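For reference, TrEMBL has these:
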type: REGION; residues: B:1-24; note: region 'Disordered'
type: TRANSMEM; residues: B:31-54; note: transmembrane segment
type: TRANSMEM; residues: B:97-114; note: transmembrane segment
type: TRANSMEM; residues: B:126-147; note: transmembrane segment
type: TRANSMEM; residues: B:153-173; note: transmembrane segment
type: TRANSMEM; residues: B:185-207; note: transmembrane segment
type: TRANSMEM; residues: B:227-245; note: transmembrane segment
type: TRANSMEM; residues: B:278-302; note: transmembrane segment
type: TRANSMEM; residues: B:314-331; note: transmembrane segment
type: TRANSMEM; residues: B:343-364; note: transmembrane segment
Amino acid sequence: MTLRIDSLVVGYGKREVVKGATLQVRKGELVGLLGSNGSGKSTLIKTIAGINRHTRGSITWNGGTDLAALPRRELAKIVAYVPQSIGLSFALDIKEAVLLGRTPYFGTRPRDDDWDHVEAAMRLLGLDELGDRAVTELSGGQGQRVLIARALAQDPEILLLDEPTSALDIRYQWQTLSVARAVTRKNNVAGVIAIHDLNQAARFTDRVVFLHDGEVIADGPPADVYSPELIKRVYGVDVELSAYKGFVQVHPLSEHAEHHHRPAPFAPAFTPRPAEGRLELQA
Amino acid sequence: MSSIETGPDLAGAPGRGRGAGKSRRSRDRYAFQNAAIAFGLVAVLVTAVIGIQIGTSGATLGDVLQTFWAKVTGAVPADRATLQIQTVIWELRVPRIMLAILGGAALAVAGTLFQGLLRNPLVSPYTLGIAPAAAFGASLAIVLFGATAGSAALSLVFGALLFSFLNTALVLSLASTRNLNPTSLILVGIALSQLFGALTACIQYFAEDEILAAIVRWTWGSVNNSAWYQVLVLFALLGIAFPYIRYRSGALNAIAFAGDDSAKSLGVAVSRVRLETIAIAATLTAVTIAFTGIIGFVGLVAPHIARLVVGSNHRFLTTFSAIIGALLLVVSDAVGRLVISPGVIPVGIIDALVGAPIFLYLILTRQKAIE
């Protein structure tokens, strides 16, 4: 039960954005997709979701199903996509917004089975207590939960999240990531999340994949993969690493601090406390 | 990493609200929408029957019913007075009311579709430039074939239709070949509106007074020159459009509320649905205003009123919007015939007079709901 992406090339017009990416995601696993802006994270996710078309390579599921060759509607029964934020042109109530996830399954009239999925997804995300409120009245975190519920109502085997936390404050970032990790386990789906925050990725994902200029340059558990060299290469930033409650954490340094091996005066929050020491990375 | 962290709002959520009662409520949740639509249809029927009775040669409810009975049975009344009143009702009043109903419904449906497809509540059936194009076509016809509306009616209709279809074809071919997003489509519409507006202004600038008056009269929009063939054409068009729109209501919901990318990921062929639906909405608009002239506001306001009553789900919204549009025009037409009787104020003017305050009210109350 693996999502297998092999030598995938995706471009807009003549410009190639994803240049031969290869990676795999198993069921029940949440993989963090990391990389700088423009590294191809979003494009890769949208291509798996069938929003973009790839030019070369393959996307297969379960060892045989060619996802790119499936009809749109059939693909939507396997792959669900969670965008950055909810569109707010019109006041739709929460239940209707989650029901959109059943679009590939029913014609005009939702059946009992569709409502069962909608209600289960709403319960899982704690949306049933918000009642018939309109999505326009929700906070950012609640809106994001509606989008995840919509994706779950789709009953997917692959769940893709495209920077779901970038517009949220820290409380809702935490909540959204918790939910994303919980549902990949509980519903046993293959999860891929594009994310900017390296520390949150280390905390919530099982594995991270670094994209750099459209290519995969590192793949593995955060604690094994994170290194000052890699992060310097991808983001152009000098960092120190530390361990905090068993998770690897990344601390950007100013040039001044790196040369003198002591905290920069204006970045005390990022400096590890001496008691914790520095994390020695395995080779 | 075995424990699952949950946010504060999630704690205790699973298991709540379980049970058959909850599920059944979901299934019955559209009872209100269905009742609203049924009630609306009755309201249209009632206002239509009242509307038929209004006019200089008064008609009673009995006359209206007798006329319909006579048409059903094929009986011809013996005395002249009855024949006359039945002719007035059947040849003038009924097509007039029917054109108001079907025209209002068509514009409201088109407005709903455009607003949803372009994900913009400020959009109307005229946003893509159909109205100015039709006005230019009608103006050209008036210049070429003369200002007497009665004899030139067909040329007027064809002129308006020709240019609104040209406009639509241009917009749609641009949309499909250049893969335009909603904002670009709206901008293309603005550009074309300006272009056709300027062309019409040119004609008006050089036209004689009589021609100018005829052009201006056309742009006011009315159901004064209604004819049975117009009623039948619109009826047939709506009869074709409605099943398609209903069939596509799920896809429309996805495009309107989830956005293009998400709608694609939900299995909707976004480009195709958008092109087909715009073609339908544009045709409804073009044919309606070719028959009536430019009736403003109904296409913008009716979808909003409908949304407030039955919600945003297109499965019910398009139908209820059509009902509101029909009601708005039938009532406006009745008001227009009553206020300066025996004179008639065009429905396009009254409808904006009625529509503008309603729209203002909506904007202000909506803002309150957001705060």
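Cβ atoms here come from the backbone N, Cα and C positions, even for glycine.
Remember, predicted model here, so these are calculated numbers, not experimental data.
If you count C-beta pairs under 8 angstroms between the transmembrane segment (B:278-302) and each of B:31-54, B:97-114, B:314-331, the highest count goes to B:97-114. Tertiary neighbourhood of the transmembrane segment (B:97-114): same-chain residues 44, 48, 51-52, 123-125, 127-128, 223, 226, 230-231, 234-235, 237-238, 241-242, 245, 252, 277-278, 280-282, 284-285, 287-288, 291-292, 295, 298-300, 302-303, 306, 314, 317-318, 321-330, 332-333, 347, selected by CB-CB distance under 8 Å and a gap of 6+ residues from either end. The recorded stretches the transmembrane segment (B:126-147) and the transmembrane segment (B:185-207) share 3+ CB pairs below 8 A when only pairs 6 or more apart in sequence are counted, and are therefore in contact. With Cβ pairs under 8 Å as the measure, the transmembrane segment (B:31-54) is packed most heavily against B:314-331, out of B:185-207, B:314-331, B:343-364.
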